[in-house]
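**Q** Can you keep this structure in mind? I'll have questions shortly.
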């Protein structure tokens, strides 16, 4: 199959540039397109055979549900049995935007789209290219991320081309995405809404709007093999580079010690920073992370492995690389600005794939606000391998 790539100017979106993509979708074909989160791989959500093509193109397990993307709130009612109060509040507050809501599905939504479930996941993207393409198609568009199953999600059209060239009919190239991690997913089919996947709409934002909100255990740990995933990204190894990976984060005990700014532990770390750190203004918590990451990376390099290190701008100076021959270091952004970390996360993982890295050691991040989504993706990418210090 020949894959056509169409460049779209986000500042000058013309219907004539999107009409062919809309036609392909209506006729049961596959189109990759940008959203504000990551690039999606779209098919007609009401066409079971089209949905099957998504699974085939990605190599995706058929019990992993797809998200139906819509262009207007009016498209929700035909797809669902009912809209609970929590769902209504979420739609009014955060649509269009990076939020997926799970409802009980209506009869017109095929099980091929829902992964065999009686629920349907729906999102209204804010990206203008995605929104207009869906409107022109005239059908809801089922779309997971436009990558081979298990690989890091694509945040540029080049990433999509790398994975999907020859597998799908068209790629709409709208440039780099904005957010860089997938949408938050909230299930409103229960009495208390349940977060199934964290994202840019944070737990704190959801609680402010809805009051009580639960967190599915799959966010913090692996699902059992016999469990059926309610939403994308829950059960299978996701977001993963080709290399083995380990994540380093501070233990609760260490965090507690660091809170005592006048305590002996903090004073000892500060003295080590003064004596040894390349950046004398580095924070004690960042320095401790960098020390452990550097130690693990050096150990792996000593075994002949090509190592990748994921750090931040704050810790970058603490690592020394050798032009990527055996030890490559990449900053994901500014720790104090988590949106920069999210934006660069998948790009960095794919860059390590391109470098042929064997082993990745990553600094950990906060588990609140957007950090919860970042840590969810990194934890899954690392196969839940975490070193606590």
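Heads up, the Cβ atoms here are built off N, Cα and C, so glycines get one too.
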**Q** Have a look through 88, 123, 128, 167 and flag the one TrEMBL assigns to the L-threonine site that 37, 69, 143, 183 belong to.
**A** 123
**Q** Which of 72, 126, 145 shares the ATP site with 60, 64, 119, 153, 197, 239 per TrEMBL?
**A** 145
**Q** In angstrom units, rounded to an integer, how far apart are the Cα atoms of residue 239 (ATP binding site) and residue 37 (L-threonine binding site)?
**A** 14
**Q** So which other residues, same chain and not among 37, 69, 123, 143, 183, have a Cβ within 8 Å of the centroid of the Cβ atoms at the L-threonine site?
**A** 35, 40, 67, 98, 100, 125, 130, 182
**Q** Would you count the other CB atoms within 10 A of the CB of residue 239 (ATP binding site), including those on all shown protein chains?
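**A** I get 24 for this one.
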**Q** Cβ neighbours within 10 Å, counted over all protein chains: which one of the binding-site residues 60, 123, 197 has the most?
**A** 123
**Q** What does the structure give for the C-alpha distance between residue 153 (ATP binding site) and residue 143 (L-threonine binding site)? Integer Å is fine.
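**A** That comes out at 12 Å between the alpha carbons.
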**Q** Let me know the largest Cα to Cα distance in Å among the L-threonine-binding residues 37, 69, 123, 143, 183, as an integer.
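**A** Largest Cα to Cα distance for the L-threonine-binding set is 13 Å.
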**Q** Please state how far apart, in Å and to a whole number, the two most distant Cα atoms are among 60, 64, 119, 145, 153, 197, 239, the recorded ATP-binding residues.
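**A** Max Cα-Cα spread across the ATP binders: 24 Å.
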